[in-house]
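Found this in TrEMBL, in case it helps:
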type    : residues                                                                                             : note
BINDING : Asp8, Val9, His10, His34, Ser35, Asp56, Ile57, Gly58, Thr132, Thr133, Thr134, Glu135, Phe139, Arg142 : 4-CDP-2-C-methyl-D-erythritol 2-phosphate binding site
BINDING : Asp8, His10, His42                                                                                   : divalent metal cation binding site
DOMAIN  : 1-154                                                                                                : domain '2-C-methyl-D-erythritol 2,4-cyclodiphosphate synthase'
SITE    : His34                                                                                                : site 'Transition state stabilizer'
SITE    : Thr133                                                                                               : site 'Transition state stabilizer'
Amino acid sequence: MKIGIGYDVHRLQEGRKLILGGVEVPHSKGLYGHSDGDVLTHAIVDAILGALGRGDIGRHFPDTSEEYKDIYSIKLLERVVEYMDSEGYSIGNLDCIIAAQKPKLAPYIEDMEKLIAKTLKTEVGNVNIKATTTEKLGFEGREEGISSQAVVLLNN
Ligand SMILES: Nc1ccn([C@@H]2O[C@H](COP(=O)(O)O)[C@@H](O)[C@H]2O)c(=O)n1
Ligand SMILES: C[C@@]1(CO)OP(=O)(O)OP(=O)(O)OC[C@H]1O
């Protein structure tokens, strides 16, 4: 059994799509990044890499590489699932938080859980995603950015 933690932050910017957990969420702004800026998926990637003792997202998918420019981050998660499979590990459970003042994410959480579970080759009951505002405090509260945290347990 192995445990891993992931944390990521991306800036909100006009003219970008808001992609969270691989799902497009309608909003006036999206997350800026070298990739699609999917802060939730990046936190999950880092949690799994952490559990496997294999560093972090930037080490495997550098933001200096054209290969990852505007990439749909679920593709990065698929690569990390290949590492997990090759080392004989599978998901025990995954728990995540998205801190966003806006938009209201509750209507999209189930779709995110389904897509993440499918990508991780696990049952949807092993994946939990939560959303919170920060009560208008901090960068999330000022709607400057969105942060996400993930904790994963891997079984072998
Ligand atoms: N962007 C968000 C933030 C929160 N929610 C849901 O609202 C609940 C209450 O949030 P608080 O920050 O006031 O605790 C939270 O538990 C989420 O269910 C949301 O949908 N989208
Ligand atoms: C995902 C990568 C690669 O496209 O770019 P960003 O979208 O900037 O995201 P970040 O969370 O900084 O993680 C590492 C990157 O190398």
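Even glycines carry a Cβ here, placed using N, Cα and C.
A TrEMBL annotation is a machine prediction, not a hand-curated record.
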Given the recorded positions His10, His34, Ile57, Phe139, find the one whose Cα is closest in space to the Cα of His42 (divalent metal cation binding site).
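Nearest in space to His42 (divalent metal cation binding site), counting only the recorded positions, is Ile57.
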How many angstrom lie between the most widely spaced Cα atoms of the 4-CDP-2-C-methyl-D-erythritol 2-phosphate binders Asp8, Val9, His10, His34, Ser35, Asp56, Ile57, Gly58, Thr132, Thr133, Thr134, Glu135, Phe139, Arg142?
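Among the residues the record ties to 4-CDP-2-C-methyl-D-erythritol 2-phosphate, max Cα distance equals 31 Å.
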Tell me, roughly as an integer, the mean pLDDT over the domain '2-C-methyl-D-erythritol 2,4-cyclodiphosphate synthase' (1-154).
98
Return the count of C-beta atoms lying within 10 angstroms of the C-beta of Ile57 (4-CDP-2-C-methyl-D-erythritol 2-phosphate binding site), excluding that atom itself.
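Cβ-Cβ neighbours of Ile57 (4-CDP-2-C-methyl-D-erythritol 2-phosphate binding site) within 10 Å number 24.
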Return the residues near Thr132 (4-CDP-2-C-methyl-D-erythritol 2-phosphate binding site), defined as same-chain residues 6+ apart in sequence whose C-beta is under 8 angstroms from its C-beta, sorted by sequence, else 'none'.
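Those within reach of Thr132 (4-CDP-2-C-methyl-D-erythritol 2-phosphate binding site), by Cβ under 8 Å and sequence separation of 6 or more, are Ile97, Ile98, Ala99, Ala100.
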Can you list which of these recorded positions (His34, His42, Thr132, Phe139) have a Cβ closer than 6 Å to ligand 2?
His34, His42
Determine which residues of this chain, when Asp8, His10, His42 are set aside, have a Cβ within 8 Å of the centroid of the divalent metal cation site's Cβ atoms, and list them as they appear in the sequence.
Val9, Leu31, Gly33, Gly37, Asp38, Val39, Leu40, Thr41, Ala43, Ser147, Ser148
Counting only residues 6+ away in sequence within the same chain, which have a CB under 8 Å from the CB of Thr134 (4-CDP-2-C-methyl-D-erythritol 2-phosphate binding site)?
Ala99, Gln101, Glu140, Gly141
